[in-house]
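Here is the structure we will look at, set down as structure tokens.
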Amino acid sequence: MQHKTQLTLSFLLSQVLLLACAEDLECTPGFQQKVFYIEQPFEFTEDQPILNLVFDDCKGNNKLNFEVSNPDFKVEHDGSLVALKNVSEAGRALFVHARSEHAEDMAEILIVGADEKHDALKEIFKIEGNLGIPRQKRAILATPILIPENQRPPFPRSVGKVIRSEGTEGAKFRLSGKGVDQDPKGIFRINEISGDVSVTRPLDREAIANYELEVEVTDLSGKIIDGPVRLDISVIDQNDNRPMFKEGPYVGHVMEGSPTGTTVMRMTAFDADDPSTDNALLRYNILKQTPTKPSPNMFYIDPEKGDIVTVVSPVLLDRETMETPKYELVIEAKDMGGHDVGLTGTATATILIDDKNDHPPEFTKKEFQATVKEGVTGVIVNLTVGDRDDPATGAWRAVYTIINGNPGQSFEIHTNPQTNEGMLSVVKPLDYEISAFHTLLIKVENEDPLIPDIAYGPSSTATVQITVEDVNEGPVFHPNPMTVTKQENIPIGSIVLTVNATDPDTLQHQTIRYSVYKDPASWLEINPTNGTVATTAVLDRESPHVQDNKYTALFLAIDSGNPPATGTGTLHITLEDVNDNVPSLYPTLAKVCDDAKDLRVVVLGASDKDLHPNTDPFKFELSKQSGPEKLWRINKLNNTHAQVVLLQNLKKANYNIPISVTDSGKPPLTNNTELKLQVCSCKKSRMDCSASDALHISMTLILLSLFSLFCL
């Protein structure tokens with residue numbers, strides 16, 4: 001059929017040419033038909049005629065010679081174009097050069113695909129200047145060359161031919177470009193005389209698919225006389241690359257219960273062969289599915305796109321009934337459009353069946369029991385639930401709620417993140433005497449909402465029965481802490497207060513005894529029976545055991561239980577001040593030069609441990625002695641300070657000045673004390689206070705004092 005089509009195309013073209021040239025009856029040297037269209041067959045068969053070429057030099061065609069651009073073809077003497085071997089790829093065109101003693105010409109054979117026949121016929125019937133008009137001659141004919149990759153030796157191997165219309169006498173061909181004199185060098189070469197192009201080693205289309213060379217014709221001296229013209233060499237792809245999956249790992253997810261035909265993922269492979277040929281035309285197939293239940297054909301892969309889709313019903317796509325939620329598919333990609341001769345590559349697709357919340361959590365039993373001692377807090381029971389959904393997801397994680405029986409908010413429940421159990425805790429201590437039993441109603445839900453048409457049922461609620469055990473609780477003081485105000489220095493044995501403690505265990509009718517637990521100053525005692533607290537020592541507000549006027553003591557209340565329980569009470573005594581401390585004077589030592597110009601010796605201050613109004617203003621006075629009053633005096637500065645002033649310069653010596661200071665308390669308290677005054681000699685900024693004359697001066701003062709007393 002293909003041969004008939006070729007003949008039809010050639011016949012039509014020849015008829016058109018004959019019609020176009022019918023008026024020209026003179027012989028025109030050359031090919032009588034210059035353009036041919038033939039349909040690309042699956043293969044050109046060796047020695048089978050392809051078409052007939054008619055050449056006439058109008059002189060008898062003596063010494064007629066034909067040259068074909070592709071060395072796999074030749075033209076017989078009768079003009080028949082034949083293949084020298086079986087040829088599956090001849091390119092898009094063949095050029096035939098014919099030469100005799102009197103004429104030469106070029107014919108072009110265009111090879112078209114089956115889908116191009118219509119366009120070829122249109123070209124044949126197109127009325128244009130090319131019909132009947134001799135084609136312009138080409139000086140160098142360099143038709144494209146096609147070379148299959150991965151050819152086997154021997155090399156070099158002839159792959160094409162360059163033709164010069166003028167012949168090559170006195171001239172030679174020269175080839176240049178990438179693959180000749182540029183890297184990679186030495187792949188191609190040309191016979192300088194015949195124009196035969198040869199390849200020297202196997203080619204790899206995936207490395208270089210096309211070579212663009214230049215052909216020139218030079219004279220024997222190397223001068224270019226024709227060209228350059230471009231020579232295209234294309235490497236014909238062979239199926240020498242397997243499909244490869246490069247984007248792994250391949251993991252897809254599909255929700256359980258998804259409709260049949262749900263797309264899970266896409267698997268695509270890469271083939272390094274020519275994408276325009278079947279060598280890279282891939283088809284996909286599932287070789288193996290693991291596991292094979294509930295169906296050995298859970299999934300389908302689109303052979304062209306590589307899309308993996310579900311093919312089972314939503315009922316079978318149930319995660320909870322599956323042997324495992326993970327499926328592994330061995331995917332095969334085969335080139336050559338999936339034909340048996342194609343090369344293959346495989347990869348594994350992992351498909352995970354994702355969970356949806358189609359199973360509510362359910363308690364493992366309807367009623368749980370718990371026992372807790374009164375007064376204790378913490379977890380008292382773990383509530384267990386079952387959920388068939390995927391663990392560690394929101395469809396599995398439980399959320400617990402106390403919906404009844406917790407008016408006092410004594411209980412809380414939280415989820416154990418590892419076990420999903422509900423941890424029920426007492427957060428406020430329970431009292432046996434108030435209630436010995438508690439009943440809680442607990443509800444469990446999921447973090448994620450249930451899917452439509454699924455609801456929480458009776459198994460999603462449970463009852464917890466809690467029994468409170470009685471324990472011997474310690475007595476409780478009322479109030480606690482206790483506060484009282486007392487004046488310091490009250491008589492020993494004075495009653496401070498009576499403490500009161502009660503036993504929470506009202507049903508046990510226990511007795512209570514009291515004792516002192518902590519009394520830092522040992523000032524107090526307590527009656528063990530009635531709780532009366534009395535003083536055993538004088539209360540002193542100025543004691544180091546008193547802080548901010550408060551004294552703190554602790555007492556114990558002990559019941560008669562077995563074993564006994566103890567309660568602790570705190571007593572704060574606020575002490576009121578009384579004037580029981582004399583003022584103190586400072587400083588007690590002063591120094592002055594014997595020739596001082598400023599006779600103001602020192603400023604005295606007074607302080608008192610008591611509180612107002614038992615402190616300042618203070619009264620400063622010299623003691624009632626006539627002798628000292630003649631030597632110095634005291635001037636009041638303010639409520640807390642006074643100044644000692646000399647009445648005259650004194651000789652170097654140590655003097656003791658008797659001074660009294662009195663507070664403002666009722667009654668006031670006076671402190672009689674002495675100020676030691678050192679009179680020193682001062683020379684050149686040095687003060688000498690050695691007491692060489694101190695004994696003399698002191699004795700003089702003593703004698704003067706005695707004399708004044710005697711005279712009285």
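Heads up, residue numbers simply count up from 1 along the chain you see.
Glycine is treated like the rest: Cβ placed from N, Cα and C.
Now, the feature entries from Swiss-Prot:
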- 1-22: signal peptide (SIGNAL)
- ASN86: N-linked glycosylation site (CARBOHYD)
- 143-245: domain 'Cadherin 1' (DOMAIN)
- 246-363: domain 'Cadherin 2' (DOMAIN)
- 364-477: domain 'Cadherin 3' (DOMAIN)
- ASN382: N-linked glycosylation site (CARBOHYD)
- 478-585: domain 'Cadherin 4' (DOMAIN)
- ASN500: N-linked glycosylation site (CARBOHYD)
- ASN530: N-linked glycosylation site (CARBOHYD)
- 586-680: domain 'Cadherin 5' (DOMAIN)
- ASN638: N-linked glycosylation site (CARBOHYD)
- ASN671: N-linked glycosylation site (CARBOHYD)
- ASP693: GPI-anchor amidated aspartate (LIPID)
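All features noted in Swiss-Prot, drawn onto the structure.
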residue : record                      : Cβ within 10 Å
ASN86   : N-linked glycosylation site : 12
ASN382  : N-linked glycosylation site : 14
ASN500  : N-linked glycosylation site : 18
ASN530  : N-linked glycosylation site : 10
ASN638  : N-linked glycosylation site : 10
ASN671  : N-linked glycosylation site : 17
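Classification of ASN86 (N-linked glycosylation site) by DSSP places it in coil, neither helical nor stranded. The CA atom of ASN382 (N-linked glycosylation site) is located 77 Å away from the CA atom of ASN638 (N-linked glycosylation site).
The residues of the domain 'Cadherin 5' (586-680), classed with DSSP into helix (H, G, I), strand (E, B) and coil, number 4 helix, 50 strand, 41 coil. Of the recorded residues, ASN86 (N-linked glycosylation site) and ASN638 (N-linked glycosylation site) place their C-alpha atoms 136 Å from one another. Under the DSSP three-state reduction, ASN500 (N-linked glycosylation site) is assigned to coil, being neither helix nor strand. Ranked by CA distance from ASN638 (N-linked glycosylation site), the glycosylation sites ASN500, ASN530, ASN671 have ASN671 at the top as the closest. In the predicted model, residues of the domain 'Cadherin 5' (586-680) average a pLDDT of 87.
Note: the CA-CA distance between ASN500 (N-linked glycosylation site) and ASN671 (N-linked glycosylation site) rounds to 45 Å. The two recorded residues, ASN530 (N-linked glycosylation site) and ASN671 (N-linked glycosylation site), show a Cα separation of 45 Å. In the three-state DSSP classification, ASN530 (N-linked glycosylation site) falls within coil.
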